[in-house]
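A short write-up of the structure that comes next.
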Amino acid sequence: MIELIIRIAKRFSSRIEYPTSFSCLDDERRTRHIIGTHACTITGALIFIPIHLFISDLPLGALFNIICIALCLLSLVDLWFRGNLNQTLWITVLLPSILVVSLFWLFQGRSQISAFLIIPPGFAFLLLGRRHGTLFGLGYGLTIVAIVLLHLKSWPEFAYTPAAMINMVGALILALFWGFIGERIRGETFQTIETIAESDVLTDSINRRHFFEEVQRVHKITRYQHSSFAMMMMDIDSFKSINDQYGHDMGDKVLIELVRMLKGQIRSGDIIGRLGGDEFGLLFPNITVQEAVGRAKNICQQVDSYQFISSDGQHVPVTISIGVAMFLSGNPLTAEQIYKTADQQLYRAKQAGKNQVAVSDGA
Ligand SMILES: Nc1nc2c(ncn2[C@@H]2O[C@H](COP(=O)(O)OP(=O)(O)OP(=O)(O)O)[C@@H](O)[C@H]2O)c(=O)[nH]1
């Protein structure tokens, strides 16, 4: 039955895949949100069972809450065993909708049960996205209009009973809850997209754009704290010949392993970014000139002695050159000038024969 409902709903909705905030999250987070949603729905239903029984005097309402709990549990069991997230999403939207509409059909406006009608479209837009949510909303809205038209003459008048007030407040709390969850999902999605936009896919370090944002940030903080920082530009020597001799895949492997090695050496707060090709930027906040030069030389030696092994077991010799620029307390240099200085020093290191460190005179 559930399968049939899902199939019908999918057929009537668009075939075009439309990304939503929710669909942009990874499966683990989506699963967490679905479980959280069901847990909250079950809690709400549990709270409303005694309300319907003892305050509203609507035993049928209590029964619907019990059915709602059972369906939520069924949906979670289904997710657990089959792991089909998309199907669970549709179930999460369709089952409460059927439940709420049935209640509305049975009670019409009694005890302001209709206040709960606002919940399913919230589910739909959040979990299914704008396109599917709109289509769902249209079908849902038409069903409600049809029910109202059918009962128009016998529609009960608004009664200010405690049950009506509780139902309205309950629906309002649920709507607020959905707003909160929706905002959280949007926030998480934004964070995910931001991480993707800021990282280098191959080496998993930050990319050029984000590295320069970090340079600006560190520069600003260092000036404020009257401290110092080092910026280094690092480039693999004759990387083209590594690619030519051992293949592009080996070149990629060198880039990946180099970053992994560097990440193992840097302190927390130090930053490494891939600026493009075989060029990397390193930022070392709160560091003296001697320390910076020592670390740059150390990195050069480490790379030189590291065993990069090709797929056929050959040792691939890799060396790097580093240009160092310092920002010292009271220094008038801008972030751009520091970057430029580090770049000039890198050029100097290359010109001087590669596999070495060059430091700016002002450092
Ligand atoms: N394998 C691999 N190669 C890349 C990637 N990006 C750029 N390259 C190659 O990196 C090489 C960079 O070479 P160059 O910057 O010209 O200089 P080089 O050979 O390193 O020589 P020097 O910088 O003078 O030491 C080029 O051959 C690019 O094709 C990548 O993501 N993977």
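Backbone N, Cα and C define each Cβ position, glycine as well.
Taken from TrEMBL as is:
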- 227-362: domain 'GGDEF' (DOMAIN)
- 35-55: transmembrane segment (TRANSMEM)
- 61-81: transmembrane segment (TRANSMEM)
- 88-107: transmembrane segment (TRANSMEM)
- 113-128: transmembrane segment (TRANSMEM)
- 135-152: transmembrane segment (TRANSMEM)
- 158-181: transmembrane segment (TRANSMEM)
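Using a cut-off of 8 Å between Cβ atoms, the transmembrane segment (88-107) and the transmembrane segment (135-152) share at least three residue pairs, counting only pairs 6 or more apart in sequence. Among the recorded stretches 61-81, 113-128, 135-152, 158-181, the one sharing the largest number of Cβ pairs closer than 8 Å with the transmembrane segment (35-55) is 61-81.
Under DSSP, residues within the domain 'GGDEF' (227-362) fall into helix, strand and coil as 60 helix, 38 strand, 38 coil. Among residues of the same chain six or more beyond the transmembrane segment (158-181), those with a C-beta under 8 A of the stretch's C-beta atoms are 33, 36-37, 40, 44, 47-48, 51, 55-58, 109, 111-113, 115-116, 118-119, 122-123, 126.
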